[in-house]
Amino acid sequence: MFRWHVVSAVFWRNLKQYFTGVLGYLFIVAFVTVCALLAFRPQFFADNLANLDQLSNFYPELLLLFIPAITMPLWADEKRQGTDAILFTLPASDFDVMLGKYLAAVAVYTVALLFSTTQLMALGALGDPDWGIIGTTYFGYWLSGAALISVGMFASSLTGSTTVAFILGAAFCAVPVLCSQLGDSLGLNRYSIGWHLQDFSIGQISLVSIVYYVGLSIVMLYLNMVVISRRHWNRGTAGNVGWQFVIRAIALAVAVFSIFHIVDTSPWTSRAQLDLTQEKLFTLNPATLDTLKQVKDSDREITIQAYVSEDIPQKYTNVKKSLLGMLRQYDSFGGSNVKVEVHNVTPKSKLEIEAQKLGLEGREDRSEEDGITVQRDVYLGARVSSPAGETTLPFLDSNKSIEYELSHAIYTTIDKGNKLTLGILDTDAHFGGPMFQGRRVPWSYNETMEVLKQQFKVKFVSGNELDSFLPSEDEPADASSETEADADDANPGELDESKPEKKVREAPDVLLVADPASLDAPSMAALVKYLEAGNPAVILADPLPFFWAFQNPTNLGILNAPRMTRVPGDSPYAEILTSSTLPKADGGTASTLFSALGVQWENGTSVWNMEDPHPGFTAMWPAYLGQKWPTYYGEYDKALMFIKGRDGDDAFNPDDPVSAGLQELLMFYPGYVMEASGSKYSFTSLATAGVASGRTEWDELTMTPKQKVQMLNPRTGELTVREEPARSQITNDLLMVLNPTPRTMIDAQDYCVAARVSSKEDSDNGLDVIIITDLDFVSDLAWQQEDALNEQVDQKLDNLGFLLNSIEVLGGADEFVELRNRRQRPRTLVQLESIFKEFREQRLEKQQEIEKEVQDELDAAQEKLNLATKEIQGNESLGFLEKLQKTSQRATDVQRQFDVKQNRLTRNLKQDVTRLEAEEKQLIEGRKFRIRALTALVAPLPALMLGVMVLWFRVANEQKNINPNRRVK
């Protein structure tokens, strides 16, 4: 047992020695200044995260310089001054003296660390940090320094020179600091300071890391004890005693290593972690834990290979941090059955080629950073493999679904039978892509289909195949045993051979029906029988598919809407726009289907709401349509409908697992559905438009534009212009486009845009159907808008998650639904973002003014060209051929002038835009430099002021104690 009064005496003696001089305060000032410079280095602004990741990345190397500076005088100074002999004559054990010195060094380091918290003021002023993560990070800093102090003390005990003690201390500390640089090949990264510091930097306090730090300290303090106790050894037996202590030290090191290894690899102790993040970001969901348990029970090894770009755009930094943190959790909780490999990908490297071979293609990213556009390929993917198969996650672009993606990939990889079978019914929507020349081609739902093929076993079903999934009407599915018994009792000679036995195929777990209004009558009847037999389905019923009108609003217009006739079979586009040669059932109203389901759906009514949760958001559309919202897209606030809970109004049903946890959807001209009177099924609303909503009828929503047709009279040479209704290039019928100024009706009715229809508890029918009144919400159009939304206002949509939730809940595989809906709030530099946004808006405002001036001049030049042509056509003294010749010559001259002017204005515009971007970059860089300089100057001020005060008091006391008669006069 140690004697605390002795330890305390040694502790205060060393602590006072350190802070009575200026050197201790200069050390603190240097330490705090370097910490501030590292914490707010340029990459801090590039990542745009309010945390201490930049400091944590270099903190072990920082300790490599500052810890030896603290420990070098502990023993070396005592030996150099000869005070060690006096120290050891005190009535105290060697352990008491060593412990007092160690605690004093830890106290000095703790004081320096406390002074570095001044940088947290800047962090809080710039952003919204997670203070739980900040707290665990500082705890990790303290443990790292305390462990390395024991290493530095051992180095100081070996010499009487402080210089040599510093060099030896740095060399010894380099072993646990730099061993991770040797990489995973030697398996030494888990024994480095930096590896275990990562747990603390993401908000985790793990038992493994604490055992590592404590174990390292114990081993090094024991070596320190061995060295300072050499004076007790008998010179004649010093060699033997020395070998005894060498063996003891080795035995202690082996024991500590064994304990650490057991704790690190044990499935129980490795899970002893405390998640102190405010949102419990790295607390694994029960579904994940169950999946990892399945891996262990199956006795199969899972390998997770993650390929992550070193240079990552700002919008993906939080995703990368979450991915790496989550992979550490899988590594810890998975035990020996889960192997995690993280590869940092650089351009044109072998790892990039390797990632591409595994199906992890880099995503091309063009992002604006510091006022300039940077283009690069970004890798954020993973491959999960096992002896049973493999699953590839090409790109993890949403940090809210990382745990879901990894866990679901493991779940389906250990047993491919875990995947649901998703049937996609052939309709005019061609959700899976139309068959063209014997293969399915990418279509308007290509991005969603890639995800569906990854998550489920997808098979395509035609309308005439639905009957093959059902038993014969005279042979119910639950009477198969009775049929077999009757067959056994019957006389073989009396068997009825006139009716061949029907072979019932296995139905898909869930059927996806996109655009049921386009089905022909036989397919519609088969679908109703299929659903009434208890087979679950997701129905996407859209009164106005917007995708084709979005691509080309004036030439293609609206295609395949329920109220429009089917594209004729003789059209060259029939193969890719139709699924049947028969007319639509019920004239496109799908009344047979929805009457059977006990609901009402209007095939020509679109709903919208007046709430706009993102007033600063600008949707994306094809560039060739100009910079303004295209005329024939309809009204902007009627085309895009955001569904989000507003003012306490629940837009999503919190009691149904399909919609519980959803935050925001984006739909395009959706319809609505309501329960029919006298329905025998249970109707549950999943999502509503909100009370501040209205509707628009088909006749107001659409129109046929007029086109001007010029007719030349060959006798008089006069040109006559008349207007005719435009015709579609696809169907040769009247072209249908969206009305720019429709008359709408506001009725404040909370329209239901998605609902679940299921059998009641006392019903024998097992019907279970989810109806969503929009097709475009999972089209490539929606993916484009989500990318724009994420870039402009940092908001993710739940469109795809809503569809996946519907499929999994209906298929009875809802283990991961709650996990998919899990949210993480990014902790960004919100104050800095607002400043940079202001700079960017100022630049865009000036740029738009210049662009408007350029466009006005171009419009004037175009008007001049039109007037010249009109003057010639209006000259009645000229004949037809003279008009044609002069018009052609005049048009050529004016066109040449127009082209010259256009090239000059375009060149000047490009120069002005480049100048404005350069000015914006200078403003941003200047603000960043001022922040870095300010933090580096302010951070050490408290320590500097305290040092000056101590020095002033010290000098004042010295002057006070001097005899006035001895002062120089």
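Keep in mind that glycine also has a Cβ here, set from the backbone N, Cα and C atoms.
Taking TrEMBL as the reference, the stretch among 279-328, 579-628, 779-828, 829-878 described by the feature coiled coil is residues 829-878. Here the transmembrane segment (102-126) does not lie next to the transmembrane segment (163-183) in space: the count of CB pairs under 8 Å, restricted to residues six or more apart, is fewer than 3. For the domain 'DUF7088' (278-384), the mean pLDDT of the prediction comes to 84. For the transmembrane segment (933-953), the residues of the chain that approach it from at least six positions outside its boundaries are 19-20, 22, 24-26, 28-30, 32-33, 35-37, 39-40, 112, 115-116, 118-119, 121-122, judged by C-beta separation under 8 angstroms.
With a cut-off of 8 Å between Cβ atoms, the residues of this chain six or more beyond the transmembrane segment (59-76) that come close are 14, 27, 30-31, 34-35, 38, 84, 101, 104-105, 108-109, 112, 141, 144-145, 148-149, 151-153, 155-157, 159-170, 173-174, 177-178, 192-194, 197, 228.
Remote same-chain partners of the transmembrane segment (245-263), defined as residues 6 or more beyond its termini with a Cβ less than 8 Å from a stretch Cβ, comprise 207-208, 211-212, 215-216, 218-219, 222-223, 226, 269-270. For the domain 'DUF7088' (278-384), the DSSP-based tally of helix, strand and coil residues reads 45 helix, 35 strand, 27 coil.
Against the transmembrane segment (138-156), the recorded stretches 21-39, 163-183, 203-224 differ in Cβ pairs under 8 Å, and the greatest number is found for 203-224. Taking Cβ pairs closer than 8 Å, the transmembrane segment (163-183) reaches residues 60-61, 63-65, 67-69, 71-73, 75-76, 147-148, 151-152, 154-156, 189, 191-195, 216 in its own chain, all 6 or more past its ends. Listed as Cβ neighbours of the transmembrane segment (21-39) (distance under 8 Å, sequence separation of 6 or more from its ends, same chain) are residues 52, 54-55, 58-59, 62, 66, 69-70, 108, 111-112, 115-116, 118-119, 122-123, 932, 935-936, 939-940, 943-944, 946-947, 950-951.
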